[in-house]
Amino acid sequence: MAFPSSRRTIHISVLLISAWLWLSSESSVAELQRFQHPVKPNGSLSFLVVGDWGRKGLYNQSKVAFQMGLVGQKLDIDFVISTGDNFYEDGLTGVDDPAFNQSFTAIYTAPSLKKQWYNVLGNHDYRGDVEAQLSPILREKDKRWLCLRSFILKAGKENCSILTFSVLNSSILTTVVMSLAEFVEFFFVDTTPFVDKYFTDPGDDVYDWKGVSPREDYLSNLLKDVDAALKKSNAKWKIVVGHHTIKSAGHHGVTKELVEQLVPILEANSVDMYINGHDHCLEHISDKNSQIQYLTTGGGSKAWKDDVHRWDPKELKFYYDGQGFMSMQMTQRKAHIAFYDIYGKVLHTWNISKELHSDA
């Protein structure tokens, strides 16, 4: 028995709508913008992380950049992550600020660093024109640059799926779907608006809160989006990136607002690592109450010598009060972390296994 033409049309329409909803469900759950990055053919991923760097090459920024280039070539990195404070002292004045070239394009010139850079904002960036760093105009000036307040990066192997929908044994729709079978997902979080003192006691500093006010709504929505995205994630590894410290023995220490508001979400969703800058040091804290590894890489330029506070030695695995950066090599089962100084010396390594969560 054949359907009347009108009923067939309705039935086909329902299938098409169902197919569209299935295909678009990836982006409909959370408001955070998503990006995808393929891994190497063998399924591995490698990248560098640097923070607190933008000083026009001064305070050993150029030396850090040089070593990043060498390590980046050796590891055949896929991309670079910046943990914020991209331009000192007060961010950018606009999209035509020469500091963008002087502190970024003209500094990170090694061929291995000509890869995508994924950047978050730091508190110093909020003292300038925030929209300038977020503007696609900077991407036109240097295609490596990608900066948003908060976003998600999925890394994995590209898969090809063919969807065929039929009615009454007649093929009506065939769609080729290219997707990533992600094994690691990065959640970049805008942490500066969480910090109370920037609002209640800014001193002589002036912050650009356009796009953040009203603050309470901004933070509430952000926390909901991060929580929803983490809950939805099927990635083997979940890594959160922000500028501010959560656990640190350095100058800034613990950011209580993040401990109170963000950490419960990280712990509830089995996040593996939180990577940050803000403290101008290199540091690794292994949380004894959860599986989270807290990794500080804020040594991209100016560092603070001997500015370290007491911390539980069972948690503090490594602290270095000088300049440097971090690398990470990952597979489905293992992650290898390494910290380097301005001479390229490996200062600390740590291996994490999905079978036995961590082993030094």
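From the backbone N, Cα and C atoms, a Cβ is placed for every residue, glycine too.
Curation does not apply to TrEMBL; its annotations are automatic.
What you see is a predicted model, and the numbers here were worked out from it, not measured in a lab.
Neighbour count (other Cβ atoms within 10 Å of the Cβ, all protein chains): 25 for His280 (Fe cation 1 binding site). Annotated Fe cation 1 binding site per TrEMBL: Asp52, Asp85, Tyr88, His280, in sequence order.
The annotation Fe cation 2 binding site is assigned in TrEMBL to Asp85, Asn123, His243, His278. There are 29 other CB atoms within 10 A of the CB of His243 (Fe cation 2 binding site), with all protein chains counted.
Annotated domain 'Calcineurin-like phosphoesterase' per TrEMBL: 46-281, in sequence order.
What TrEMBL records for 1-27 is signal peptide.
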I'd like to know which of the binding-site residues Asp52, Asp85, Tyr88 sit within 10 A of His278 (Fe cation 2 binding site) at the Cα level.
Asp52, Asp85
In sequence order, which same-chain residues at least six apart have a C-beta under 8 angstroms from Tyr88 (Fe cation 1 binding site)?
Gly54, Arg55, Ser103, His124, Ser301, Lys302
Relative to the mean position of the Cβ atoms of Asp52, Asp85, Tyr88, His280, the recorded Fe cation 1 site, which additional same-chain residues have Cβ within 8 Å?
Gly51, Trp53, Gly54, Arg55, Gly122, His124, Gly277, His278, Gly298, Gly300, Ser301, Lys302
Cβ-based neighbourhood (8 Å from the centroid) of the Fe cation 2 site, residues Asp85, Asn123, His243, His278 excluded:
Gly51, Asp52, Thr83, Gly84, Leu121, Gly122, His124, Asp125, Thr191, Thr192, His244, Gly277, Gly298
